[in-house]
Amino acid sequence: MPEIIIVKNEAEAGEIYGRCVADLIKAKPDAVLGLATGSSPLAAYQALAKIVKDEAIDVSGVRGFALDEYIGLPLTHPESYHATIHRTVVEPLGLDPAKVHVPGDVLNGTPLEDGDKIALAGPAYDRAIEAAGGIDVQILGIGTDGHVGFNEPGSSLASGTRVKTLAEQTRIDNARFFDNDINQVPTHCITQGIGTIMKARHLVLLAFGAGKAEAIEETVEGGVSAFCPASALQMHPHATIIVDEEAASRLRHKDYYRYAYTHKPAWQGI
């Protein structure tokens, strides 16, 4: 069962994540961070960047692996996840760009029709993560349908990094990054699988707003099912889910989650 932390707002969630990762980097200067895009992690990255600056933490050895990338977008496209990770993580934290990887880096706009090249990219990415020693902390968002990364409902809970077709709901949700034009949103992606994600030593999932309440309810208190990919976190030995009041609104046991976190010894961290 993941630890559930209910916070007032995204800034408070960001501070919890930022302190967790900053302490990790201090203890392990070559830490491997799992990175996600979307709006949910932004406050977390901002909080971490502030701590790194305020405490003069050396991040020169930190490595990173992103969750996913669109198929068909060149790396220079402003909404490619290569560009997004560089803009929201690499630059603010001062990471070495050569040590931060995105699954589509070797594809760089390769069209979907080039199946031979695309098919090899997923297994190669999993091998690169393993060669780095695995992910220490993986940050995650969650879709309104319970997807994590681009693992849509119905994805295998044992899957590795591979090419997937984006669900229509995901394309609708992501159209806000493409001038609200769904026709600009790619139809395919390459994503870490649930099996790959579950190998990370610590998972931290963030969710905010009433629109995520049903997905959080299914993730935390529903059954483990491929039709809610995030529900796999119930099986992880060290998973933390940080939500605001609106995202937690459908949780039946939220009073217990608050009680447990309030009485948790500080030395345990998250």
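Quick reminder: no glycine exception, Cβ is built from N, Cα and C everywhere.
Copied over from Swiss-Prot:
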ACT_SITE  Asp68  active site, proton acceptor
ACT_SITE  Asp145  active site, for ring-opening step
ACT_SITE  His147  active site, proton acceptor
ACT_SITE  Glu152  active site, for ring-opening step
Discussion item. Can you tell me the CA-to-CA distance separating His147 (active site, proton acceptor) and Asp68 (active site, proton acceptor), as a whole number of Å?
Written reply: 12
Worksheet item: Quick one: Cα separation, Asp145 (active site, for ring-opening step) versus Asp68 (active site, proton acceptor), in Å?
Response: 17
Discussion item. Using a 10 Å cut-off on CB atoms, tell me which of the active-site residues Asp68, Glu152 is the least crowded.
Written reply: Asp68
Practice prompt. Around the Cβ of Asp145 (active site, for ring-opening step), how many other Cβ atoms lie within 10 Å? Please give the count over every shown protein chain.
Written response: 18
Worksheet item: How far is it from Glu152 (active site, for ring-opening step) to Asp68 (active site, proton acceptor), counting Cα to Cα, in Å?
Response: 12
Worksheet, complete the sentence: Mapped onto three states, the DSSP assignment of Glu152 (active site, for ring-opening step) reads coil
Fill in: Surrounding CB atoms that lie within 10 Å of the CB of His147 (active site, proton acceptor), all protein chains
26
Discussion item. DSSP secondary structure for Asp68 (active site, proton acceptor), reduced to helix/strand/coil, please.
Written reply: strand
